[in-house]
Ligand code: CAA
């Protein structure tokens, strides 16, 4: 019996109502804006409104997928995040409720820094392989937040992706094998008592580069493709120049050419969205995939690599083949709108949003109505989170 092709059938993104331009941040800090634009490869970062969080972004990303395909065959929701809103309840349950999905569904949350959406994709693939009539909704949603005034401040951001994993997919057929690598290190982490991550920036860059090469070597040991076969590489992008650093390191480790043109061909189309959104942790590598599919029309039947890194650390390299006709199924207009329609804010407003004063005693607290998205966090009450539809459309 021939195994069915399994992979990403649909991919949709969502981000926040606000953005902070890095020129604004540079002006406030007295830094040369070129450090952020050229040195990090970032133009702006998404900033959540007071009534936005990982749930509202994930639901906004998923809505257009449900509208296009229905939910009858979705029996599993996997929610990848490292900025969860509850230590017990999976954030996917709120999304399930907001979208009115069938009760015959299993829902779970996955965490391993920025890596867990890749694990979710692998688990989804296994479920679909077991029963190709079923579909899995994979959500990845994160708010990347560091302390103000630190070197990491310019690498914040927020976004979500939703992916429908099915048999006979229209966008990307995932291949076997993948390459994996894990090492217990402390390059970036967030203890339960902190709302902002702790990071050793230099160590994290070195760890990311090493993990990429190790995962690549594992991929090759298991019979993976040669580097030269790939049309493009979708890296996790805490800042877009990180993809360039890691890919240069990978090419050099294999003795391949790593000139500026080689790097741009491999990476530039996959960096367009991340450059504008900032870091989005678990969603980042899949925003890179959305950006690639939206900005290149020459990928029919060509292999692409997804390179996922989560501090702490786990890396995985996936390969997939782009399905002919994929351009008929991408969501370029909606993705571009979500990014371009964000409202720019000044440093003072960003500061207020960065450090909100929220009750932790269960008292009733209403959030101001700000988001232009389809769902909002309306209130915190009795230690519960109350989400509501806004009546506004999601991207289509
Ligand atoms: N014009 C042009 N370029 C300039 C410049 C200027 N005026 N000033 C500085 N630069 C360049 C620097 O040369 C440097 O480039 P190279 O690395 O290519 O040499 C770049 O701008 C950044 O400058 P610094 O190294 O001086 O920046 P920094 O030390 O202040 O902070 C950072 C950079 C360490 C990445 C920091 O933003 C940080 O800690 N970020 C969070 C951690 C992170 O993103 N790590 C990535 C790997 S871990 C991971 O991927 C998981 C995750 O999501 C967190």
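Any Cβ shown, glycine's included, is placed from N, Cα and C.
In TrEMBL, annotation is done automatically, which means it is predicted and not curated.
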Candidate sharing the (3S)-3-hydroxy-3-methylglutaryl-CoA site with 32, 146, 245 (per TrEMBL), from 217, 274, 279: 279
Length of the line joining the Cα atoms of residue 245 ((3S)-3-hydroxy-3-methylglutaryl-CoA binding site) and residue 236 (active site, proton donor/acceptor), in Å: 12
Listed recorded positions (236, 245), ranked by Cβ neighbours within 10 Å, top entry: 236
Cα distance (Å, whole number) from residue 236 (active site, proton donor/acceptor) to residue 32 ((3S)-3-hydroxy-3-methylglutaryl-CoA binding site): 26
Cβ neighbour count within 10 Å of residue 32 ((3S)-3-hydroxy-3-methylglutaryl-CoA binding site): 11
Model confidence over the domain 'Hydroxymethylglutaryl-coenzyme A synthase N-terminal' (6-167) (mean pLDDT, whole number): 98
Neighbour count (Cβ, 10 Å) for residue 279 ((3S)-3-hydroxy-3-methylglutaryl-CoA binding site): 29
